[in-house]
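Colleague: Pulled the feature table from Swiss-Prot, pasting it below:
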type: DOMAIN; residues: 2-37; note: domain 'EF-hand 1'
type: BINDING; residues: ASP15, ASP17, SER19, LYS21, GLU26; note: Ca(2+) 1 binding site
type: DOMAIN; residues: 38-69; note: domain 'EF-hand 2'
type: BINDING; residues: ASP51, ASP53, ASP55, GLN57, GLU62; note: Ca(2+) 2 binding site
Amino acid sequence: MVNRTEAAQLLKHLDRDKSGKISSQELMEFLHTVNCPFKKEQVEKFIKQHDKDGDGQLNTDELLDVLCS
């Protein structure tokens, strides 16, 4: 099970522009590096499903919810 600290570390690793959030582009780049490419529409849909504050990106709390559900 992932805890808040681990989720924050993952966010920091994925957050290339250091905004404190993961954009669809950052998530797509990560998925591509682990040989798990998704279409942009799929990634955007995933983020939209888990984006509680409606900003189009995933923050630490939202990422934690995804990883622990």
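Each residue's number is its place along the chain shown, starting with 1.
Glycine residues also receive a Cβ, built from the backbone N, Cα and C atoms like all the rest.
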Colleague: Restricting to the same chain and to residues at least six past its boundaries, which positions have a Cβ under 8 Å from a Cβ of the domain 'EF-hand 2' (38-69)?
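Modeller: Long-range Cβ neighbours of the domain 'EF-hand 2' (38-69): 1-2, 4, 6-8, 10-11, 19-24, 27-28, 31.
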Colleague: From the binding-site residues ASP51, GLN57, GLU62, pick the residue whose C-alpha lies nearest to the C-alpha of ASP15 (Ca(2+) 1 binding site).
Modeller: GLN57
Colleague: Using the Cβ center of ASP15, ASP17, SER19, LYS21, GLU26 as the Ca(2+) 1 site position, which other residues in that chain lie within 8 Å, going by their Cβ?
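Modeller: Near the Ca(2+) 1 site, beyond ASP15, ASP17, SER19, LYS21, GLU26, sit LEU14, ARG16, LYS18, GLY20, ILE22, SER23, GLN57.
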Colleague: Counting across all protein chains present, how many other Cβ atoms fall within 10 Å of the Cβ of GLU26 (Ca(2+) 1 binding site)?
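Modeller: Excluding its own Cβ, GLU26 (Ca(2+) 1 binding site) sees 20 Cβ atoms within 10 Å.
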Colleague: About how far apart, in whole Å, are the alpha carbons (Cα) of ASP51 (Ca(2+) 2 binding site) and LYS21 (Ca(2+) 1 binding site)?
Modeller: 11
Colleague: So, in DSSP terms, is ASP53 (Ca(2+) 2 binding site) helix, strand, or coil?
Modeller: coil
Colleague: Given the Ca(2+) 2 site residues ASP51, ASP53, ASP55, GLN57, GLU62, which other residues of that chain have a Cβ within 8 Å of the mean position of their Cβ atoms, reported in sequence order?
Modeller: LYS21, ILE47, HIS50, LYS52, GLY54, GLY56, LEU58, ASN59
Colleague: Distance between ASP55 (Ca(2+) 2 binding site) and SER19 (Ca(2+) 1 binding site) at the Cα atoms, whole Å?
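Modeller: Computed Cα spacing between ASP55 (Ca(2+) 2 binding site) and SER19 (Ca(2+) 1 binding site) is 12 Å.
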Colleague: About how far apart, in whole Å, are the alpha carbons (Cα) of GLN57 (Ca(2+) 2 binding site) and ASP17 (Ca(2+) 1 binding site)?
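Modeller: Computed Cα spacing between GLN57 (Ca(2+) 2 binding site) and ASP17 (Ca(2+) 1 binding site) is 12 Å.
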Colleague: Reported as an integer number of Å, what is the Cα distance between SER19 (Ca(2+) 1 binding site) and GLU62 (Ca(2+) 2 binding site)?
Modeller: 15
Colleague: Would you mind reading off the Cα separation of GLU62 (Ca(2+) 2 binding site) from LYS21 (Ca(2+) 1 binding site), to the nearest angstrom?
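Modeller: Between the alpha carbons of GLU62 (Ca(2+) 2 binding site) and LYS21 (Ca(2+) 1 binding site) there are 10 Å.
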